[in-house]
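Structure first, commentary second.
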Amino acid sequence: MQILHTMLRVGDLDRSIKFYQDVLGMRLLRTSENPEYKYTLAFLGYEDGESAAEIELTYNWGVDKYEHGTAYGHIAIGVDDIYATCEAVRASGGNVTREAGPVKGGSTVIAFVEDPDGYKIEFIENKSTKSGLGN
């Protein structure tokens, strides 16, 4: 078994694609439209291939906002320079909700941001991912 993708419903597909490409450095891998059921899918990721996990952005035509509820937590992305990545989010008008720094009680460097639709994304500095969270 493997993780194939995580689906996020978005209110403005172009804005979301731009964020995931320009700010997070992902590539647009493919898109698919379904006129009968009125939705468009965009798949983004860092690698293309059967073993690579992807983000699926789903735009339901005419729906511009969703309630997230309390069940969704976040996705996590390893980054080489967490401070520069947070600055790129800020420069794009994004929201940094937890500044980069060590996790409480440990040395793993993390930050939290929100994408244009308010989904939470955790950044973990790559040199920290080897030791695991909380170390």
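The chain as shown is numbered from 1 upward.
Using the three backbone atoms N, Cα and C, a Cβ is placed for every residue, glycine included.
These features come from Swiss-Prot:
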ACT_SITE  E122  active site, proton donor/acceptor
BINDING   H5, E56, H74, E122  Ni(2+) binding site
BINDING   R9, N60, H74  substrate binding site
DOMAIN    2-126  domain 'VOC'
Integer Cα-Cα distance in angstrom, H74 (Ni(2+) binding site) to E122 (active site, proton donor/acceptor): 7
Rounded inter-Cα distance in Å - N60 (substrate binding site), E122 (active site, proton donor/acceptor): 26
Separation of alpha carbons, E56 (Ni(2+) binding site) and R9 (substrate binding site) (Å): 8
Residues R9, N60, H74 [recorded substrate binders]: greatest CA to CA distance in Å: 21
Distance [Cα-Cα, Å, rounded] between E122 (active site, proton donor/acceptor) and H5 (Ni(2+) binding site): 17
List of residues, in chain order, with Cβ under 8 A from that of E56 (Ni(2+) binding site) and at least 6 apart: H5, T6, M7, L8, L41, A42, F43
Mean of pLDDT values spanning the domain 'VOC' (2-126): 94
